[in-house]
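Database features, via Swiss-Prot:
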TOPO_DOM  1-40  topological domain 'Cytoplasmic'
MOD_RES   Cys40  S-nitrosocysteine
TRANSMEM  41-61  transmembrane segment
TOPO_DOM  62-106  topological domain 'Extracellular'
DISULFID  Cys66-Cys265  disulfide bond
DISULFID  Cys84-Cys246  disulfide bond
TRANSMEM  107-127  transmembrane segment
TOPO_DOM  128-217  topological domain 'Cytoplasmic'
MOD_RES   Tyr199  phosphotyrosine
TRANSMEM  218-238  transmembrane segment
TOPO_DOM  239-266  topological domain 'Extracellular'
CARBOHYD  Asn255  N-linked glycosylation site
TRANSMEM  267-287  transmembrane segment
TOPO_DOM  288-426  topological domain 'Cytoplasmic'
MOD_RES   Cys347  S-nitrosocysteine
Amino acid sequence: MAIAHLATEYVFSDFLLKEPTEPKFKGLRLELAVDKMVTCIAVGLPLLLISLAFAQEISIGTQISCFSPSSFSWRQAAFVDSYCWAAVQQKNSLQSESGNLPLWLHKFFPYILLLFAILLYLPPLFWRFAAAPHICSDLKFIMEELDKVYNRAIKAAKSARDLDMRDGACSVPGVTENLRQSLWEVSESHFKYPIVEQYLKTKKNSNNLIIKYISCRLLTLIIILLACIYLGYYFSLSSLSGEFVCSIKSGILRNDSTVPDQFQCKLIAVGIFQLLSVINLVVYVLLAPVVVYTLFVPFRQKTDVLKVYEILPTFDVLHFKSEGYNDLSLYNLFLEENISEVKSYKCLKVLENIKSSGQGIDPMLLLTNLGMIKMDVVDGKTAMSAETREEHGNQTAELQAMNIDGETKANNGEKNARQRLLNSSC
């Protein structure tokens with residue numbers, strides 16, 4: 001019995017989740033995959049286009065070209081270019097063929113893209129500092145408790161198995177039909193009011209995190225729509241050239257007769273900027289439905305992650321179905337995102353697959369039988385060693401008996417020889 005008890009300890013200790021020496025859940029993902037994809041594209045694309053715009057500026061060298069008279073030196077021509085480039089946002093110094101054309105949009109196009117990139121990074125930044133720490137602590141607690149629930153189930157199976165071994169419950173008629181019920185009645189104290197279940201139920205009445213999540217998604221959608229409006233308007237200017245007329249007669253040059261009244265100028269990078277605006281506009285238009293989809297992701301009533309824990313007793317997943325928008329629906333999504341960190345989920349998923357294989361095998365009964373198989377193997381080895389020791393004992397006893405018989409015969413022979421010598425001497 002002691003050997004069987006020790007074997008049971010080894011079997012169930014293999015299934016218990018080991019406590020790691022280093023901190024658990026180091027790589028928790030505190031942002032949903034679809035949200036992270038939206039952030040990377042919405043923020044990364046403008047930064048990429050800005051780098052291309054500045055690379056084009058470095059390769060060309062100047063963003064404006066003005067036609068100066070041949071009598072001007074290169075310093076005077078450079079002054080005209082610089083003056084007209086600085087006066088792009090001043091309407092009183094410019095006259096365009098297309099009327100009041102906002103030429104400053106061309107000048108500040110890279111910086112406006114940078115502004116949109118910064119604005120689109122604000123919602124994820126707010127989420128990281130306002131909501132992520134709270135979700136991180138809650139997820140660690142929930143996942144640790146889920147592992148503990150699994151461990152308690154293994155301990156309960158061990159307790160039930162030990163009780164059956166001590167009391168001979170296996171010989172009671174009808175125990176096979178009621179094995180699952182009696183198994184958990186023995187260790188009911190292990191499962192009274194699982195704290196993780198009660199904690200998750202409280203999230204159905206909480207809306208703090210879901211409000212922050214929806215606010216971030218709405219803000220992202222609004223910024224993307226504003227960016228699409230700006231890029232669409234900028235692209236509509238493609239039919240208008242970047243040519244304009246600039247006057248530099250101001251200050252000491254106002255009465256200078258050698259300076260022409262107007263200079264014909266052209267913005268060189270307009271064509272490149274319009275191409276970049278088309279690329280950014282197309283990507284943002286395709287990205288907007290994805291952001292709308294993220295608004296409805298928490299509305300999904302999915303509890304697939306927790307459903308596998310229905311194998312364990314008293315863990316009622318049906319009560320975890322969220323009704324509308326609440327924190328519970330958000331926690332379900334983040335549990336699904338970090339399910340690879342939960343070791344008990346992997347083990348229970350294997351048992352669930354065995355259960356759904358159609359063979360009619362109860363996973364917990366299979367777990368108990370697995371312990372019995374291990375104990376049978378150990379008992380078999382013990383029985384074989386006992387038989388071997390018995391055979392060795394029998395062989396030793398036979399050898400000892402043979403030695404005793406040999407010594408007796410030798411002593412009798414010596415006595416007979418001495419008697420014959422005495423008789424002959426007489």
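Including glycine, each Cβ sits where the backbone N, Cα and C put it.
Annotated features taken from Swiss-Prot, shown on the structure.
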residue : record                      : DSSP class
Cys40   : S-nitrosocysteine           : helix
Cys66   : disulfide bond              : strand
Cys84   : disulfide bond              : helix
Tyr199  : phosphotyrosine             : helix
Cys246  : disulfide bond              : strand
Asn255  : N-linked glycosylation site : coil
Cys265  : disulfide bond              : strand
Cys347  : S-nitrosocysteine           : helix
Stretch of maximal Cβ-Cβ contact with the transmembrane segment (218-238) [cut-off: under 8 Å; candidates 41-61, 107-127, 267-287]: 267-287
Contact set, same chain, for the transmembrane segment (41-61): CB under 8 Å, 6 or more residues outside the stretch: 109-110, 113-114, 116-117, 120-121, 220, 224, 268-269, 272-273, 276, 279-280, 283-284, 287
Entry from the recorded positions list Cys265, Cys347 having the most other CB atoms no farther than 10 A: Cys265
Cβ-Cβ neighbours of Cys246 (disulfide bond) (radius 10 Å): 21
Integer Å distance between the CA atoms belonging to Cys66 (disulfide bond) and Cys347 (S-nitrosocysteine): 74
Between the residue listed as 'N-linked glycosylation site' and Cys66 (disulfide bond): CA-CA distance (Å): 21
Chain-internal residues near the residue listed as 'phosphotyrosine', provided their CB is under 8 angstroms and they sit 6+ positions away: Phe141, Ile142, Glu145
Rounded to the nearest Å - Cα separation of Cys246 (disulfide bond) and Cys265 (disulfide bond): 7
Cys40, Cys84, Asn255 filtered to the recorded positions whose C-alpha is within 10 Å of Cys265 (disulfide bond): Cys84
Rounded distance in angstrom between the Cα atoms of Cys84 (disulfide bond) and Cys40 (S-nitrosocysteine): 38
Pairwise Cα distance for Cys40 (S-nitrosocysteine)/Asn255 (N-linked glycosylation site) [Å, integer]: 56
Other CB atoms, at most 10 A from the CB of Asn255 (N-linked glycosylation site): 8
